[in-house]
Structure formats: structure tokens, C-alpha cells
């Protein structure tokens, strides 16, 4: 990151100051070969405990290694004036109107975020608490960065004529990365997040590549401001429920679940899900015509209904029978902002102690051993700090969504074990509104532990004036693809919230309040 991140080693091979350096040069299609993201620098997994670090098996859906490299010509093109919105203008106008009306009538969401539970300040941050150590007085010198074409974007949407830019003028995705610290992915009222989400909706897509690995098709999209996001295309309508005979590991990944998970995570005040927004994409102009991925390009075809379709390559649901088709060439999808590149900010991948067996007949140990949590409590990193309590937060988050597919989670390596866990890959949530999967709550019922801040917020969201379903509905109205969830899914969250509170009430009655509720409102966060 050159002068922006002075403590990072300068790499002569990188001319771009962005933190998503792609991992492969552009090549002719005849010579192109997909290359998985580099795993160099990842720590070795512990050999004796299955509950510890699984960093040598990164399964993050937000891996920052693209298959394509941005050329000098593309960088030059990306520095032109932002294109005016066309097809999405009406959506934006309707959304802005709804937000203005909500502001006039009174916003539950605004009132929630003004509540004392949502205004607790962080401890003072030192260099060790920030992901990147940035000197805000530094001016970006393009010559020092060996990239004479890099200029700052002006406040009016034009690019600054000078060759220097302050940190306030960095692209929004880069400002998001700079703001990550030991305690949160982003602050509660950071205007950069909303600005970045607008960028994901409006920025011109300059290149597209398939993400390697995974069971279903996901695309890495690069934008004109060098930002990148993970695109999950729409696979089923909002009204469709997961068939009752489907195993959790063969379920579809839903784009609207990724969007809703981001909003739910924010309302719960966890702020551990990378920002996600919806976007309507032209499959021809914004995917097929800009990709250099020959394997992706060759899967495009025109259906008997005269719609543009493609299916890509993956281990599940990538075939003509499971093709993704537009109407006729427009398709919805979710765009999840990338986390910083692994070369700049390594992450550890940890196996979820309550991971399911992913087998049709076998059960996991926690499903047959009622005292399983006692073993977990004696195993690093769950034997100290807040990691076990963070797992309880994630358990509650997943139960409210109905997500059974939480096999791994990640942390930033720089912060060690004293940091939050990142809630990645939420596409299998919101599959069934008519069924509450109580097995998701087993970690909570076995351990009977919860943060006081989480417990109080759950009680607050159960009150009529701060009803979770109403808050979610209001928050989701801001998305371009609104409505994101149908009414039954919203009502299911209220029902599941009551079930969570009942489990905690039973724990408190059985073990006592002080043995169940950890008072994190008085003690330091870590």
C-alpha cells in the first residue's frame, strides 16, 4: 500500500495502491488457466485439536484473490468520470423517497441506534488495535507509488486534477478497510459504508471472474474504482422455501439471504458481516462482455424462452439444468464488499466447534454428547477471553436466520484471539420461514453463556417499539432490490427471538444470572 500503510513492506511488483492485488496476469483465453488464491503465509493448523485453527483450509467466500489483473489501460479507463445511472435510476428514486417518508413519520431504526445500548464508545485505539496503521497527514504521491495515473476522486464526482490526495479522498472501499479495528469491521455511524454500498450499485463493472472453490457459482466483480465484491446471483424467488427433504448442505445459496444477513447483523450491533447490497446486473454487458474467464464465457447460451443464461463451473448446481437465466438479460444478485487482501491482512480460518457432520447419516459429536460444551470450554481459544461468547452471538445470529451451514469462521491474524469473529457466507439463511431449526441453538443451551450487551439488545428487540421484524423491514427498504424478505420471514424472526430469550431464561433459572450473563458493559471489551 506504499505510503498509505508505511509499516507494510513495499512490493515493487505492485503499481496499484489498492489492497486487492489480483493474483494472475490477464492472458489470452487460449492460455488462460484458473489459479486458486494463494495460501502462502497462512499458519499451519494445530495437529492435536480439531477445535483450533483451520487456517490452512481457507473457505472464505470473500477471498481477495482475483483471477484477473487490472491493466494500465483499464486503470486509465477507471479514472474517468463515473457513468450516469440508467436502468437503476427509478429504483434509487423510489428508495430515496421511501427513506424520506420514513424520516418524516419517525424511524424505529434511528431511535434504536440512538439507544444507550447502541452508543457505547470503544476503548481508545492504539496501533495494535487497528488493522492498518495510517498517518492521515500523509499525502499520496503517485510518483512514489509508481502509478502516475492514480488521482483522487473529487467531492463532486470528478477526479481531482492534482497528483496528490488525502486519506479522506481515498475510494470508499479503501476507507472501509482502513477503518477495521480489533473491535469491529465498521463503526455504527460510519458514512463511508453507505457510500461504499452506493458504489457497488452504481460503479461500472470492469471485469468478472469465477471464484474458485465452493459448491455453487460465485463471481468476483471488479469496478472502475478498483474495488471488488463477491457476486451471488439469484437462484430462486423470495417466496420459495427450501424443500423439507433437502439436506442443509445441498440447499441453494440465496442472494437475498446475504443482503438480509448484513442488515440483521447491523441491527444486532455485531457489525461482523462485510457490507452487502443488491444489484440488478445486465448479464450480457456486465458479465459476458467484460469477462476474460473463458470457462465462464463458454457457458452462456440463449434459452428456449429467448432469455440469456449461463451456469459457470462449480461442484453443485452448475449445469444446463441449473442455469441462471435473465429476463431477458437482467439478473439480480448480492454484492458483498471484499475484505482486505490476504497479502496485506492475513486471516485465520477456524473450525466451528458446533460444525455439523455434512453427512447423510452420521451425527457430529455435539449432537450426541450433552456435555460437549465442557470440552470446548477447556480448549483454546475458548478457555479464555470472549471467543466462546462470540460463538454464542453467532449462534443467535444463525438461529434468527435459520442458517445451519456455519462450518467455519474467520478472524484477523494481527489481533490474535482478542478480537471479534467475522460472519461470512450467510447465503443459506432464510430458507424456511415455516420451520424453526432448534438444533442451531444447541451451543447456547449447552453452554448457557451470553454477553450482557447481547442479552439486553435481544430483550430490547422483543419490545413492540423496537420489534425486530419492523426494524428489519425498515432497514431492508434501503436496498436497491427491495423488498428483500417476504412477510413470513420477517415474522419468523420475531418468533425465533422469543425462543432465544426463553432458552436464556431457562439457563438463568437453572444456573443463576451471574453464571450465565457475562457483564461486558463494565469490563473492557477484550
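Quick reminder: no glycine exception, Cβ is built from N, Cα and C everywhere.
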Among ranges 101-121, 122-142, 143-163, 164-184, whichever one TrEMBL labels region 'Disordered': 143-163
Least surrounded among the recorded positions, given as 253, 405, 425, when other CB atoms within 10 Å are counted: 405
C-alpha spacing of residue 405 (active site) relative to residue 253 (ATP binding site), in angstrom: 10
Mean per-residue pLDDT computed across the domain 'FAM20 C-terminal' (300-517): 94
Maximal Cα-Cα distance (Å) across residues annotated as binding ATP, namely 216, 232, 253, 336, 337, 338, 339, 410, 425: 20
Local Cβ density at residue 337 (ATP binding site) - other Cβ atoms counted within 10 Å: 26
Cα distance (Å, whole number) from residue 405 (active site) to residue 337 (ATP binding site): 21
